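Participant: I grabbed these lines from Swiss-Prot:
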{"type": "DOMAIN", "residues": "3-93", "note": "domain '2Fe-2S ferredoxin-type'"}
{"type": "BINDING", "residues": "Cys39, Cys44, Cys47, Cys77", "note": "[2Fe-2S] cluster binding site"}
Amino acid sequence: ATYKVTLVTPSGTQTIDCPDDTYVLDAAEEAGLDLPYSCRAGSCSSCTGKVTAGTVDQEDQSFLDDDQIEAGFVLTCVAFPKGDVTIETHKEEDIV
């Protein structure tokens with residue numbers, strides 16, 4: 001399945017198509033968006049976003065703690081959409 005992922009970035013909001021087997025960060029790059037990232041392995045906070053609607057699967061992440069996940073934070077480099085989802089990007093400063 002392919003879902004609509006709405007990315008709320010500092011430079012505006014854009015909605016992209018993201019298959020359920022593609023990481024949000026990869027789909028964003030294919031769509032020409034320039035989102036922050038570093039390790040691409042779910043083990044740092046460079047790509048942190050915050051889910052404001054919908055859900056993602058980020059089982060591969062190893063950086064965020066349970067409280068951060070419950071608050072909606074997501075590592076876009078290892079997040080698969082589980083439906084239509086809205087993510088605010090560039091949220092690394094909010095989790096430190």
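Quick reminder: no glycine exception, Cβ is built from N, Cα and C everywhere.
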Participant: In sequence order, what residues of the same chain, 6+ apart, have a Cβ less than 8 Å from the Cβ of Cys39 ([2Fe-2S] cluster binding site)?
Facilitator: Ser46, Cys77
Participant: Of all the binding-site residues given, Cys44, Cys77, which has the fewest Cβ neighbours within 10 Å once its own Cβ is left out?
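Facilitator: Each of the binding-site residues Cys44, Cys77 was scored by Cβ atoms within 10 Å; lowest is Cys44.
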Participant: Which ones in the same chain are close to Cys47 ([2Fe-2S] cluster binding site), with CB under 8 Å and 6+ residues apart in sequence?
Facilitator: Leu25, Leu35, Pro36, Tyr37, Ser38, Arg40, Leu75, Thr76, Cys77, Glu92
Participant: Secondary structure at Cys77 ([2Fe-2S] cluster binding site) (DSSP, helix/strand/coil)?
Facilitator: helix
Participant: How does the domain '2Fe-2S ferredoxin-type' (3-93) divide up by DSSP, counting helix, then strand, then coil residues?
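Facilitator: Final tally across the stretch: 17 helix, 32 strand, 42 coil.
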